[in-house]
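A.B. asks: Please read through the structure below; I'll follow up with questions.
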Amino acid sequence: MDTQEVSAIQRRRSSKASRILSFQINTSNSQFPNLEILPKMSTKKEIAEKRIKQLHLTPGTIFMNRWSIEGMIGSGGYGQIFLAMDTKKNEVRAVKIEPKMRMEMITKRMIMEMDVMLKMQGKQHVPLVYSSGYNNEFNFIVMQLLSENTGDIRKRSPAGRLSKETVGRIVYQTVNALKDIHEMGYVHRDVKPANICFGCHQQNRHILYLLDFGLLRRFKTDAGIRKPSRPNAGFKGTERYVSVRVHEKLEQTPWDDLFSVMYSAYELVVGEVPWRHLEDVEEIHAVKKLMNELNNNGEMFKDSASVLIDFHKMLVELDPNVDPPYEKLMNCAKVMYQPKELNDLYDWDEGFKLTLSDEKD
């Protein structure tokens with residue numbers, strides 16, 4: 001499949017796609033005066049659009065005799081996230097819950113997430129956990145409240161994308177976050193913009209947090225030895241962001257997480273990935289393979305995507321079964337965001353002026 005065939009597929013499959021309503025920044029909510037950034041609580045319409053049949057918790061509920069539920073701020077296929085007030089400390093928290101039973105089977109996704117998040121407390125890019133456990137209906141985690149995710153931030157940009165200076169810093173911090181996870185012997189398996197957030201207070205607003213550890217899997221033993229690969233590891237992750245190897249149902253390694261970083265960065269800096277409007281998973285697989293085979297010389301890495309050429313080239317040349325050179329990858333990301341520093345203003349701090357100036361050039 002060549003570049004012209006890819007373009008033809010994209011034209012055939014292109015259709016109007018409704019975007020998920022992005023969270024809006026609320027800086028005037030007097031109920032939470034210490035917050036710099038606060039996700040907007042979902043309306044009934046938004047809940048319906050997310051295909052939520054019912055709220056697991058209703059506003060006004062005092063969950064586990066401590067957390068006053070204010071409203072839902074996020075949802076997914078497995079659970080819901082609520083804004084809550086800690087009635088003992090008068091501080092805001094995020095309460096993530098999932099039903100204990102799903103399709104008449106016990107759900108274990110959040111149990112894994114609880115375990116790993118507790119092990120990783122103290123790591124810079126992992127949210128603080130204040131409580132976790134279960135009751136008769138739900139598994140739950142009470143954690144640090146964060147701002148909107150980078151996917152929603154991109155949609156809020158007038159240009160529909162983010163600047164290379166901001167995306168470079170997102171890549172740098174995400175690789176650093178994955179380094180911590182991989183060194184503990186786990187692969188994330190669901191790296192994507194929706195699972196990448198920043199802090200919502202002045203002191204942590206430029207610190208990136210990696211979320212959703214429900215698909216984690218051990219790839220190393222406690223002794224640091226790689227586990228044998230399964231002959232058919234299945235497909236785990238989100239189609240848009242998984243690597244070619246995941247499409248081929250190979251055992252995931254840190255290499256696959258890093259390729260998801262690359263695809264996420266591509267979407268953030270360009271506005272969409274080349275397979276955005278494809279629906280057939282085999283066609284998506286084919287376009288991703290083409291991207292690797294073109295060795296960065298094709299149409300896919302022109303204009304704003306050109307900043308990712310070196311990062312992509314480095315990934316393609318790595319052995320998936322060898323520990324990645326995290327420092328080299330992070331240094332590659334540094335080149336993307338220079339002369340900015342990690343703590344300098346990001347696009348959303350500056351009214352997206354860098355992306356707007358790029359549009360005028």
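Positions of Cβ are set from backbone N, Cα and C atoms, glycine also.
Per TrEMBL, ATP binding site is recorded for Lys96. The annotation domain 'Protein kinase' is assigned in TrEMBL to 67-336.
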A.B. asks: Over the domain 'Protein kinase' (67-336), work out the mean pLDDT and round it to an integer.
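C.D. replies: In the predicted model, the domain 'Protein kinase' (67-336) has a mean pLDDT of 93.
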A.B. asks: Looking only at Cβ atoms, how many others are within 10 Å of the one on Lys96 (ATP binding site)?
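C.D. replies: For Lys96 (ATP binding site), the count of other Cβ atoms within 10 Å is 26.
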A.B. asks: Specify the secondary structure state of the residue listed as 'ATP binding site' as given by DSSP, simplified to three classes.
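C.D. replies: Once the DSSP labels are grouped into three classes, the residue listed as 'ATP binding site' ends up as strand.
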